[in-house]
Amino acid sequence: MERKGIILSSGWKLAVARLLTTMAIWSSAADAILPIFTVFQWGQGLCSASSGEYGSCQPNNECVLRGGIPAGPCAGGYGTCCICSEWVSQLLHHIVQTSAGTTDVVLGETKLDSTNEDTFNNIRTTLNLLALPKHESSISSDVKRNVLYMVDGMNDSIELMIPTECTYYVIVVNSGVPMTRREVFQRISCTHLLMVDTSHDPLRVHRVSPADHHSTEIFNENSSLATILDDRNDWRGREVNVMYSPADPPYSVTLDGRLTGLDVELCRSIFDHAGIRYRFVERPPITSPDYGKYQLLVFKFLNDKNIHMMVSSVLFKSPFSTALTVFDKTGFCLIIPKNLQRNVIYHLVHPFKYNVWLLIAAFLALDLILARLFVEAFPHNLIMILLFGDSLADHQQTRCTRYYCFFCTVLLFLLSEAYLAKAIIYMTITRYTPDMQTLDEVFASDVMFKVPPGSSQLFKNQGDIYHRLYQRSIEDPNFRYDMADDRYGYMVSCRYGEYLIERHVRQEILDFGQRGAKRRFYMLDQMVSWEFRRYMVMKHFTFYGRFKRATNWLFEAGLWDKWEAMYRFDYEKDGFDFHMWDEDDILALEDIVAIWYLMATGLVISVMASCGGVARENGTYFVNPNHPDTTDGTGSCQLTVLKMHPDICQIRLDFDQFSINGPEIVNHICNNDQFLVSGGSPAPTICGTSNGDHMYIDAGMGQSNPIILTVITSGPSYPRSWRVRISQIPCGAISKAEQGCLQYFTGVSGRIKSFNFDTISGRQLSNQDYSLCIRTERNFCSIHYTACPDVSRNRSRTFTLSGNSNMAVQAMVGGGTQGAPNSCMHDWLLIPCAKVADRMPTASTCEDKICGGVFNAEISSVERTVVSTVRPFHLAFHTDSVEAPMDVDNRGFCLDYVQQPCTSN
């Protein structure tokens with residue numbers, strides 16, 4: 001806290017005491033916030049011997065002040081002690097109130113006679129009662145304005161107690177002041193400098209002009225103190241030079257050829273009201289990158305006393321001035337080069353906090369545990385179901401499974417939507433490696449800074465942060481702010497840093513356009529240092545106190561904030577668009593690369609296995625080498641399927657994609673390429689194309705029953721590819737197929753077809769012997785079969801099992817005997833008790849085997865819908881090993897089925 005001091009001396013007269021009493025009262029009313037500097041010489045008073053205006057002499061010759069305060073012995077019976085001590089007591093009380101109790105009192109006593117000695121003894125008694133610190137004849141040199149000096153004007157040691165600046169300095173003498181002593185007083189820079197000469201009758205007061213200390217004005221004893229201290233006429237017509245920084249918004253700007261700004265308008269308002277002429281002087285331009293030389297140049301301007309104030313951005317303290325703190329902050333910031341490298345991991349992880357990722361991990365772990373412990377309720381891999389859906393229809397799942405999957409799906413939907421939304425935001429705002437935010441991050445990085453020569457003076461004795469920054473700095477003799485060189489950072493004033501970055505952005509957009517421009521620098525959020533901004537008021541400019549008080553008034557009136565907002569630089573006022581495509585909220589295609597990585601991650605989660613692999617997890621895919629590309633090699637590719645746990649009864653193979661070399665064209669036998677299943681229930685050898693088909697393989701009992709899937713490739717070159725999904729079905733699962741069924745279909749309607757079926761290029765495979773089963777749905781008692789439509793030709797080839805399919809072949813039915821015409825002896829499709837559905841009246845007999853080139857339950861050349869009422873709905877497909885010469889180009893079959901509800905008939 002700033003300390004204040006008072007220096008008191010002796011040899012003062014009664015009239016001076018009255019004058020000083022009036023001055024103390026006037027100071028309290030008019031300039032209460034301003035400190036007082038005073039020098040007095042006391043003479044003897046002319047009051048009564050027993051009582052005085054300020055106190056009274058008691059019969060024991062002791063002086064007692066008003067309020068009962070003892071003030072020592074009366075001096076010569078005149079009561080001088082009463083007058084002096086009472087006035088000083090009032091003065092000290094006033095200073096205590098206006099300075100929050102932090103007052104230093106300095107006593108400068110000459111001890112010329114006993115009267116002066118008694119006076120100072122009384123003053124010491126008063127100071128002891130006020131509990132104020134005392135100093136004898138000196139005070140700390142760092143105390144400048146807030147001191148009241150009281151000394152004898154003729155004291156030989158007075159020059160040791162003359163301050164360089166003050167507000168009030170009153171010198172009282174009882175004889176003429178020599179010219180040399182007067183010149184000493186006039187060198188003091190004080191707001192009010194008074195010389196009270198008590199050697200004249202009447203008393204005369206010489207007031208030294210605060211605007212020109214070589215000019216004095218004389219007042220008589222009848223003049224009021226308000227008149228004596230009124231210095232407004234002294235300042236009128238005087239010229240004040242104010243130095244400012246050019247183009248420093250909002251403090252100084254040029255608008256329409258007129259200088260204005262916050263600091264400019266503040267000075268204008270105060271000086272216009274005081275009637276003071278003023279002139280704004282532009283601060284010297286920075287012609288040298290050497291900071292030390294520039295500082296000396298500014299000091300040269302300030303030292304010649306032509307400059308009275310320095311406003312705008314003040315970067316250093318001057319030994320010729322006093323700081324006047326104002327109301328906004330200033331400081332230094334760091335401009336850091338941006339890292340323009342992509343950070344995919346950051347964008348993938350950052351949208352969720354650490355605890356959310358833990359929740360997701362716990363959620364996935366719970367799914368795995370449930371799938372392991374409750375096999376019947378959760379027969380499939382829950383994670384795969386949630387991510388990619390379940391091939392099993394909803395009504396085929398247990399109620400517990402449906403409820404749990406629904407809850408998990410809703411939770412997964414909410415999390416995924418929140419993730420995608422935040423991921424897009426982060427990719428929009430921080431598409432690159434995140435910017436550093438703190439000084440500690442800067443010090444831990446490898447960023448270097450470029451500074452002008454002589455910066456060591458600025459960094460010197462500024463603390464650890466500046467020392468560490470200077471260690472990372474390079475002094476460049478040709479220093480300039482080169483925003484095209486992103487190898488170095490810079491330390492600048494924060495407002496100028498904003499200007500540099502905006503100027504850099506503007507130039508980038510002009511050079512490269514909105515899409516190609518990149519923000520290569522940013523300003524660190526944490527400031528290197530900050531402080532309240534200050535003006536520099538020269539010590540010879542004694543208008544300091546009044547200027548400071550007027551500045552406070554303007555701030556409280558709201559004009560400060562108005563001017564600051566009015567003149568703040570608007571970088572987009574000229575209509576220039578500062579937005580860049582790399583920072584905009586519109587995403588280009590390249591900006592969603594993180595989402596692509598996320599989708600690729602989900603694809604990898606679904607396990608894939610190829611030749612020589614082992615499939616232990618539900619949902620594993622058996623793929624060809626080089627998947628998803630085709631393969632043209634020859635050899636044997638095997639995959640071993642192991643049960644997840646002993647309760648697995650069936651393995652379902654879904655041929656999502658299956659295309660290998662087809663059968664030979666004579667007897668349709670798979671001689672070149674083959675797909676084999678071993679280790680489970682018998683399955684036919686297939687080849688050719690079977691996209692969308694499936695097989696159920698009985699896995700047997702126990703854990704040690706591996707099933708081997710084998711693809712044998714040989715013969716001519718062929719682009720082979722396969723992707724077979726392997727699902728492990730628990731024994732109690734509702735999706736488990738009926739015993740002995742190679743293919744198992746569910747639903748009221750559907751389509752069944754033979755392997756390698758195609759109306760154009762497909763061939764019916766030989767050596768097939770397997771069952772096709774359709775689950776009987778509740779309340780359905782019969783089933784209709786219809787040949788699939790063939791839109792590629794006039795004569796349908798969707799059912800061609802026997803005969804020469806290049807010619808019209810009628811439907812054949814029944815097993816018959818060897819050589820019986822129109823019977824199915826070698827290849828057939830068995831449908832139990834098949835009849836024509838729409839025959840009226842209904843046929844009395846039915847057939848089981850159907851073959852030929854037309855689908856009909858009767859011998860006919862017309863396709864008809866066939867009905868079967870035998871439940872369960874099982875079909876059997878059989879082909880032998882011989883086609884030619886009787887059977888040519890048979891395609892196989894494709895049938896659409898629709899289950900019929902039960903009726904009273």
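The count begins at 1 with the first shown residue.
Positions of Cβ are set from backbone N, Cα and C atoms, glycine also.
Just so it is clear, the model here is predicted, and its values are computed rather than measured.
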Self-check item: Disulfide-bonded cysteine for CYS687 as listed in TrEMBL, from CYS649, CYS670
Solution: CYS670
Quiz prompt | Number of other Cβ atoms within 10 Å of the Cβ of CYS687 (disulfide bond) across all protein chains | solution = 27
Self-check item: Within-chain partners of the transmembrane segment (354-375) [C-beta distance under 8 Å, separation at least 6 from its ends]
Solution: 381-383, 386, 404, 408, 411, 415, 618, 645, 647, 730, 732-733
Self-check item: Tally of DSSP helical, extended and coil residues in the domain 'CUB' (611-729)
Solution: 0 helix, 56 strand, 63 coil
Exercise. Please list residues from the chain of CYS670 (disulfide bond) whose Cβ is under 8 angstroms from its Cβ, counting only those at least six apart in sequence.
Key: GLY662, PRO663, THR685, ILE686, CYS687, GLY688, LEU765
Quiz item: Between 0 and 100, where does the mean pLDDT of the domain 'CUB' (611-729) sit?
Solution: 91
